[in-house]
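J.: Pasting a structure here, questions to come.
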Amino acid sequence: GLFVTDYFTRTPRKLSPFRSFASIELFHFHIPEDTVIAVWNLITFKEQGGTFGDQCPDRSITVYFRSGAPSVINPLHTHFPRDTAVPGSFALTLTWTLPNRTTGVFNVTSPLPGDWFLAAHLPKDEGKISVKGLYEECQYLFQPQLIVQRLVNIAVLYPGHVTEQSMAPHNRSCLYKVFVPSYTSRVLVEVLRCRGAEGCPLWLRVRAKAPPLHNSTTLDCREHTPCQLAQDLPFWQHWYYVLVEKHPGVPGTVSFQVTVQLTDCSRPSLARPPFLPSSASMNMPHSFGSAGGLALGDSPPPTSLNDTKHPVPIPVTLHTEERCWPVRPTLRNELDTFSVHFYIFFGPNVSVPPDRPAVFVINLLPVLDSGGVLNLELRLNVSSLCGENVTVFGCLNHGVPLTSGDNTSVTCETESLAGFLLSVNATASLSRLRIPYPQTGSWYLSLRSLCATEHGFEPCTNVTAEVYLRAYLSPCINDCGIYGQCKLLRTNNYLYAACECKAGWNGWGCTDNAEAFSYGFQLLSTLLLCLSNVMFVPPVAIAVRSHYLLEAAVYIFTMFFSTFYHACDQPGIVVFCIMEYDVLQFCDFLGSLMSVWVTVIAMARLQPIVKQASVLYLLGAMLLSMALQMDRHGLWNLLGPSLFALGIMAVAWTARTIRRRHCYPPTWKRWAFYLCPGALIAAAAVLLYAFVETEENYFYIHSIWHLLIAGSVGFLLPPRAKPSRRLGPLPRRKGCGYQLCVNEQEELGLVDPAVASINSICTS
């Protein structure tokens with residue numbers, strides 16, 4: 001056949017360590033129909049500071065693949081919530097082959113068409129809290145690329161028509177496809193009039209949705225006469241691919257005929273007519289996409305030597321179990337994103353008769369509905385059983401309804417299909433099922449009632465069970481509970497939801513408490529973070545005693561908002577918020593930075609030098625507010641104002657030292673007992689905050705940070721001079737000249753103003 005190659009790529013994204021599904025990077029691809037091979041090229045490279053990260057450590061990268069919906073992954077091996085079905089997926093781990101780059105390849109032969117999703121993440125780290133901008137962080141970027149090779153002009157088989165084919169010696173196989181409409185209970189493929197050098201040296205393979213593989217349903221025509229391959233309960237509204245493959249080493253040309261017969265289960269006494277002239281009668285797509293194919297509504301093409309289509313009668317034996325029951329639709333009611341309720345007409349109470357199943361269909365829209373959780377709930381009305389030991393079995397399956405072939409079967413699977421089994425009875429009257437990230441399309445629910453006897457389950461007589469049925473789509477499982485937050489995430493144009501757990505809880509629905517914080521631990525951490533702010537009371541008292549009223553007001557502001565911010569910032573249930581979280585966080589950060597600013601400006605003693613020193617306080621408040629609004633977690637939000645204030649203090653101290661020709665502050669006691677200890681305490685606090693703090697030790701390391709910062713303020717805040725007696729105005733000399741008055745105590749920077757008398761030296 002003729003192959004066409006398509007190429008798809010995605011923008012590189014930064015990978016994060018795995019904590020929950022909210023921390024993974026999700027990539028969405030679409031594989032076209034008739035694809036014979038798909039190759040994913042997985043490119044990963046390191047970056048550090050805008051250059052290649054050759055010095056970054058090698059960290060393994062795990063990539064997950066799934067068709068139809070995102071992968072439900074569990075790398076931490078946590079417990080899933082009860083009644084949760086976990087669909088499978090492929091996983092691949094990438095290792096590094098070069099210092100800063102590695103490439104992996106993932107091949108899928110005959111992939112299923114439609115949506116494919118890739119999820120990638122780094123291993124879980126130790127949870128270190130790093131200051132943004134402190135050092136160049138190692139970034140691991142991941143970029144997937146997809147190359148698909150698909151067949152064009154695949155020959156289409158029409159039910160009831162025979163297609164003649166001659167396979168040349170250099171050809172190995174012939175590929176066909178046939179569309180299976182709804183209400184089809186069986187697909188029968190048959191090879192007729194096979195002539196070759198060694199009898200009929202052909203393999204017959206059939207597969208749904210994609211070309212057959214080596215492990216698909218296979219029949220050896222040399223060992224079976226007639227060569228018929230049947231598929232019971234085929235997927236509705238899908239293509240089925242038929243591969244006729246020649247045995248290796250067979251010489252010469254092999255000629256054969258192939259035909260397909262579909263059984264209409266809605267009319268068990270009839271097979272589908274050989275040819276239906278309208279597209280509506282067969283419920284088939286309007287275009288087959290193959291050159292020379294038959295467009296619905298047209299007449300059959302003229303016959304040829306190698307490709308002859310004409311109707312032939314094929315006897316089909318219909319069994320009573322091949323009958324399908326009416327499928328009741330559901331009404332879709334969209335409330336919000338991933339919040340959809342499916343209502344049953346004349347429901348939600350459903351009557352399940354004893355002689356036949358009740359079948360319902362739930363349609364999930366492509367792409368839109370695969371990012372949530374499909375929830376199903378069955379509740380049995382015990383009063384409707386009339387004292388009988390009745391059990392209602394429900395079978396939920398994707399693509400086709402699964403109804404038991406006999407009246408006593410309680411299974412929900414066949415050789416090629418597997419569904420989800422639910423049951424309710426008088427003892428357990430409630431049953432739930434949750435499917436995270438369900439595949440889109442049609443989901444069928446079949447309900448049957450059976451009576452339990454000594455010999456097993458048997459059909460009930462004259463008992464119609466009543467079941468309350470509820471089906472809905474939700475963003476997360478139980479809204480992630482009280483220890484989690486359901487987040488709506490987006491990757492390009494695809495939306496999905498995931499839980500982000502807190503307080504040590506884990507799992508898909510934040511229900512795994514293996515590492516959960518106890519209530520006592522949560523209360524202790526909250527009290528430590530809140531009560532450690534009481535350490536600001538001594539600096540407030542010192543500031544008031546020294547007449548630093550503005551500084552005292554800033555310290556009170558910081559103490560108040562830091563206390564209530566940490567009371568609101570707790571991950572568990574010990575939480576108390578007096579305002580919105582964002583307001584508390586902004587005020588806490590602003591108060592912390594303003595405390596540093598006003599303390600250093602007060603140490604500079606600018607009042608004798610700059611008459612309007614209050615301008616600096618106001619300017620600092622405005623600039624800090626602007627910086628926090630831009631980035632609250634940046635390093636320069638703390639370092640920039642601190643360095644600027646320290647520069648002002650250094651200039652003021654240097655000016656005094658030059659003018660007085662003596663080091664300022666002049667006393668060694670001020671340096672030894674106040675400035676040096678305060679600076680060391682502040683430096684220790686900064687080191688703890690920047691390099692030691694992690695998520696596990698946050699509650700006590702950050703509490704120590706509060707204590708050290710407040711303690712350093714008490715040491716660094718300078719004393720304010722207090723005159724012991726009121727000085728009157730000095731007489732001015734007559735004539736020209738100037739007068740310079742210097743306060744000796746303020747120049748000396750003494751701790752206690754009472755130890756020295758106040759003398760004014762006036763020079764003119």
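All residue numbers here begin at 1 and follow the chain in the order shown.
Including glycine, each Cβ sits where the backbone N, Cα and C put it.
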J.: Quick test of your reading of TrEMBL: among 495-515, 516-536, where does it put transmembrane segment?
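T.: That would be 516-536, the stretch labelled transmembrane segment in TrEMBL.
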J.: Considering pairs 6 or more residues apart, do the transmembrane segment (548-567) and the transmembrane segment (698-717) have at least three CB pairs under 8 Å?
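T.: As far as Cβ distances go (cut-off 8 Å, pairs 6 or more apart), the transmembrane segment (548-567) and the transmembrane segment (698-717) touch.
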J.: Could you give me the DSSP helix, strand and coil counts for the domain 'EGF-like' (499-510)?
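T.: DSSP classes over the domain 'EGF-like' (499-510) add up to 0 helix, 4 strand, 8 coil.
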